[in-house]
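TrEMBL annotations:
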ACT_SITE  Cys268  active site
ACT_SITE  His325  active site
ACT_SITE  Asp348  active site
BINDING   Asn388, Asp390, Glu436, Glu441  Ca(2+) binding site
DOMAIN    260-351  domain 'Transglutaminase-like'
Amino acid sequence: EGSLDIDHLNLECEFNNVDHRTELNGVDRLIVRRGQPFTISVYLRSGSYQPGVSSLDCVAETGPQPSEQYGTKASFALSANIDTSCWSASVTGPPGDMVVLSICSSPNAPIGRYTLTLGRSVRTEFILLFNPWCPGDAVYMDNEQSLAEYILAQDGIIFRGSYKHPIPTAWNFGQFEHGILDICLRILDMNPKCLRNPGKDYSGRRNAVYVSRVLSAMVNCNDDKGVLLGRWTTDYEGGVSPLYWRGSVEILRNWDQQACQPVRYGQCWVFAAVACTVSRALGIPCRIVTNYLSAHDTNNNLVIERYVNEEGELMKSKEMIWNYHCWVESWMTRPDLKPDFNGWQASDPTPQEKSEDVYCCGPIPVKAIKEGELTFKYDASFVFAEVNADVLTYMKKKDGSTSNVTSATLVGQKISTKSVGSDAREDITHIYKYPEGSDEEREAFKRADHQNKLLHQKEDLGLLLSIKVTSDMKKGCDFDVFAVVTNNTEHEKHCRLVFGSCAMSYSGVLGGNCGFKDLLNVRLSPGAERRVPLTLNYSKYGGQLTEDSLIRLAALLLDYSTGEAKLAVRNIVLDDPQIKVRILGEPKENRKLAAEITLQNPLPEPLEDCCFSIEGSNLTGGRVITERLGCTVGPGEEAKVKIYFTPTHSGLRKLVVDFDSNKLCHVKGYRNVIIGK
């Protein structure tokens, strides 16, 4: 019989991994992508390969219960040529005692760990990933620059701050750092669907929609052995503040090393960043998006109801407007939906509401949000509300009665992501929403049955109230903010103006008072404008600020003649000092460099327990490097350290920096470094 008698194999890991763009994971084992051939050298014990005569049975299997019916087992023989649409094998080298064997997986094979059996006795292993370079794969993306960003880039920018003042924060995704791919596969194996029915779950891993949905559940630990525990109060006992993290690597390793106990703590950008790392590691193009003024609608009516007291202070409620909220988008086709809904799919790993009894959200085509197609899978109405909810404001009076308050409130502004190939902010609001007031917007609202937005009355422009701020609002300084009242009516107006400020977390939770003014006697003649300043003093706000550095300004105007109330709200973010990073030495592979890092203390009080830390993919050996300062840093003085690191790969990398102290917490900075060969 003509079956090849194999002595041993060489998997040619370096050649194949480079060819499949997985070499940054290492070249000590075979890691390949679906629908693309890889080549192995087969050394024969006896005989030689004879075209048309020699045969070889190949079997590829994944999961604990491989089955051809489930697609987790494929049996195939040698053929004359590779067929890239299914599992196939072909001999491509000249006949002899060493045979060059090409093998191609199906472009919709389940991803994960495989055993490959050749003939009766030779077994080997490899890992199979999604392949966005392969036109037959559901995650195919036909743009090299986009792939360099959304699959291969190991660092990126997350936008935080506020909608008037987006602040870029660097993040180290680290999807190719040592051991991270194995941890990502472990996350899939720990998901409850896999623990209940592994055969079915492994079969589901051929489907990027299924894998994305599993990830949106597994990045939070609310129903499962997921990666992160969320916390939105200021008490981070038993863990670290979400602002502590500079990247995903430490989080994933902690989860893996502590027997899949959740890592404490995360907030939305941390959940999104970890989901982005895992998606890119598995081969799904992925990016983080930030939605400013993001609505959290708990009862699915697309309306946020909020209450203020007679001082204009927000009262606690389950429905909130987050200053910003981050989620991820993954790129894939949606064969389960009608055509036109391929492309970016939003999914949200932050635990907010249950979907099919589990804390997960998505994936939903971004286009379905734009078109108001709320019956589409998955969780369209929740994401639609995040960017489109209407906000109704009521005043709760001391006697228990409530009245309407007019307030122009924006939701879903400046939806942002990092640009391809640069650190600039790309505004992607237009892929979620039609222009405000357009016919298309109206059609989408009709489809979504968004009655409130369809019935919108024109604003009463008679008495205008707004809040103005200066551009220079630095932490540690005293500065003024202004309530501006304009009387556009023909009559004199007599009003009460309450103008207050309080600390706030990014998820809308209010803290202590930072300054307050109540003017009972504001008189405006027709056409007049009045600017009322409120001074915010560091001595007052410094002790109230949360780590999010946000202050909520609220002005409430009561018109004595009509009894009507108007509310203006603005969130301001106080700027942290800039971290300066200088690189000393010639940046080359495997050469020791120093980062000289400085920060000037902007506060009128000394900083103690100062600590700088850095990390960067292929820069710091997969670790966080920390340097503590022995001394206190007085007002206006510089904190300065030198931290040494040795880059391992060439290319453009981000060195992500964090500064922490007793009074100034988790100030972020970064430096782009080009490492030469």
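Each residue's number is its place along the chain shown, starting with 1.
Glycine is treated like the rest: Cβ placed from N, Cα and C.
On the structure: features taken from TrEMBL.
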{"residue": "Cys268", "record": "active site", "Cβ neighbours (10 Å)": "28"}
{"residue": "His325", "record": "active site", "Cβ neighbours (10 Å)": "27"}
{"residue": "Asp348", "record": "active site", "Cβ neighbours (10 Å)": "31"}
{"residue": "Asn388", "record": "Ca(2+) binding site", "Cβ neighbours (10 Å)": "24"}
{"residue": "Asp390", "record": "Ca(2+) binding site", "Cβ neighbours (10 Å)": "22"}
{"residue": "Glu436", "record": "Ca(2+) binding site", "Cβ neighbours (10 Å)": "8"}
{"residue": "Glu441", "record": "Ca(2+) binding site", "Cβ neighbours (10 Å)": "18"}
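Distance noted between the C-alpha atoms of Asp348 (active site) and Cys268 (active site) is 9 Å. A separation of roughly 6 Å, to the nearest angstrom, links the Cα atoms of His325 (active site) and Cys268 (active site). Residue counts for the domain 'Transglutaminase-like' (260-351) under DSSP (helix as H, G, I; strand as E, B; rest coil) come to 15 helix, 40 strand, 37 coil.
The CA atom of Glu441 (Ca(2+) binding site) is located 28 Å away from the CA atom of Cys268 (active site). Cα to Cα, Cys268 (active site) and Asn388 (Ca(2+) binding site) are separated by 19 Å. For the domain 'Transglutaminase-like' (260-351), the model's average pLDDT works out to 93. Those residues of the chain, other than Asn388, Asp390, Glu436, Glu441, with a C-beta within 8 angstroms of the mean position of the Ca(2+) site C-beta atoms are Val411, Gly412, Lys433, Phe445, His450, Lys453.
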